[in-house]
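Copied over from Swiss-Prot, here are the features:
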type	residues	note
COMPBIAS	305-315	compositional bias 'Basic residues'
MOD_RES	LYS33	N6-acetyllysine
MOD_RES	LYS276	N6-acetyllysine
REGION	17-52	region 'Disordered'
REGION	305-372	region 'Disordered'
ZN_FING	57-79	zinc finger
ZN_FING	85-107	zinc finger
ZN_FING	116-138	zinc finger
ZN_FING	177-199	zinc finger
ZN_FING	236-258	zinc finger
ZN_FING	264-286	zinc finger
ZN_FING	292-314	zinc finger
ZN_FING	375-397	zinc finger
ZN_FING	403-425	zinc finger
ZN_FING	431-453	zinc finger
ZN_FING	515-537	zinc finger
ZN_FING	543-565	zinc finger
Amino acid sequence: MLERRCRGPLAMGLAQPRLLSGPSQESPQTLGKESRGLRQQGTSVAQSGAQAPGRAHRCAHCRRHFPGWVALWLHTRRCQARLPLPCPECGRRFRHAPFLALHRQVHAAATPDLGFACHLCGQSFRGWVALVLHLRAHSAAKRPIACPKCERRFWRRKQLRAHLRRCHPPAPEARPFICGNCGRSFAQWDQLVAHKRVHVAEALEEAAAKALGPRPRGRPAVTAPRPGGDAVDRPFQCACCGKRFRHKPNLIAHRRVHTGERPHQCPECGKRFTNKPYLTSHRRIHTGEKPYPCKECGRRFRHKPNLLSHSKIHKRSEGSAQAAPGPGSPQLPAGPQESAAEPTPAVPLKPAQEPPPGAPPEHPQDPIEAPPSLYSCDDCGRSFRLERFLRAHQRQHTGERPFTCAECGKNFGKKTHLVAHSRVHSGERPFACEECGRRFSQGSHLAAHRRDHAPDRPFVCPDCGKAFRHKPYLAAHRRIHTGEKPYVCPDCGKAFSQKSNLVSHRRIHTGERPYACPDCDRSFSQKSNLITHRKSHIRDGAFCCAICGQTFDDEERLLAHQKKHDV
């Protein structure tokens, strides 16, 4: 009787169901009789509706399907021989030790009087399947996450969220954001905004279909111009702003401006774009490609607008050279096209005229007033009033960093950046918060901290409901759910979700240790390591055990030590 119960299928997926007690102890006829009995009880695995018709017999070990019991029996003999862990009681073999241990509890609990008894609480059951389900109740108490609505417990939070959506849906008052189109309600505002994009796309399709009407097949015939020719030349019109396009793909790409959709993502940094040309132009930053060369000087540019801005420098230089002839140079005769036109004298070279009496001192033709932009950048065409501003700007193109930190040797392109960096070593924090008194080394950090005192948190994560005061914090937090890691180390290829983690990781390759201990000569790459190290110098405030008097450097070691006294 016991051996026959061991051959029953184990419910709920705790162990694989079995059809044979040994590799070669039963014939196909015996197996067929046993299978018919199991089918009458409704416990056969082959009766599952999820299995393919015609191949209803499945192996309990490798999950393969077979058209008949004989083929399954022949396969099971070979499959069981490969399983490494046999049961000493009935000969059944298992692939994993936990399944064998659970199976042996069935033999230990089976008695002729009480049936199957639980070895934890002593409760007895008629069948071993009920015992296995009961053992699951004991293991459920070890699960750390409990449902707040019922007594069920889970190993992971995503299992709890799925359980809450399925068994405990939120009440209507807990979902205050209602869609005006379909009446669907949401708990978070961001979820409603994302849902409304579906209706926007549908409305655009319907409006475009009504405006255009049924279009004839084939290429339209060329007709004479008629009123409303723009509608003929640009038949595809946006239903939101009225802008018209010649081709439907252009309209589809334009509609993403209204819907907020950005389907084109950069594989290097994760930034998203509405159109593929924007992505192509952006990727040149990573590849270093510069396809637009200057015909005058040969300098290459990444984007065409930068080339056009740069070409103006050559035009201005040519114009100034033509407008400023030498003092003794002869006057060239004007060409046939230039003779009728009046020459345009340059303003700086034109002699100043005497102002009429009563004229204001700021006369437009006053030669003393120079143009505001005197110094232009040869790379991008930007102009500056002072030469030092131009030199500071040109460091962005050349990569020059003349300001070096005396503590760690790090270089900077601007002196203000060096001053802000030096506060890391000195510990100076001149910017203080008026609300809580907290101090910061940079003004931008203080400005970001002041928003923490604001009562509202408008940016809500649609996955877990966590709220943030700043949109970049929400974007960085959402990478936890999406698993996106856009920041890649160029030395080893390891990827990170936060840029600060990449900066901290790169110190492993560079050997940089910016955090130095003021009490000794040691330095550290992480600030947390410096804080832990400095506790070793603080002997007066060390963590002391009140029972034996032993001291420790940190509180965690003291708590671990005190557990020995509790035992």
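Including glycine, each Cβ sits where the backbone N, Cα and C put it.
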**Prompt:** Taking the Cβ of LYS276 (N6-acetyllysine) as reference, which residues of that chain separated by at least 6 in sequence fall under 8 Å from it?
**Reply:** HIS264
**Prompt:** Helix, strand or coil at LYS276 (N6-acetyllysine), per DSSP?
**Reply:** helix
**Average pLDDT across the zinc finger (236-258), rounded to a whole number** = 81
**Message:** When secondary structure is assigned with DSSP, how many helix, strand and coil residues does the zinc finger (403-425) contain?
**Reply:** 11 helix, 4 strand, 8 coil
**Item:** Distant-in-sequence neighbours of the zinc finger (375-397), which means Cβ under 8 A and at least six residues beyond its ends
**Value:** 299, 306, 309-310, 312-313, 316, 413-414
**Request:** Residue list, the zinc finger (403-425) vs rest of chain: Cβ under 8 Å, 6 or more residues beyond ends.
**Result:** 392, 395-396, 441-442, 512-516
**Asked** Against which stretches of its own chain does the zinc finger (431-453) lie, if we need a Cβ under 8 Å and a gap of at least six residues from its ends?
**Response** 420, 423-424, 469-470
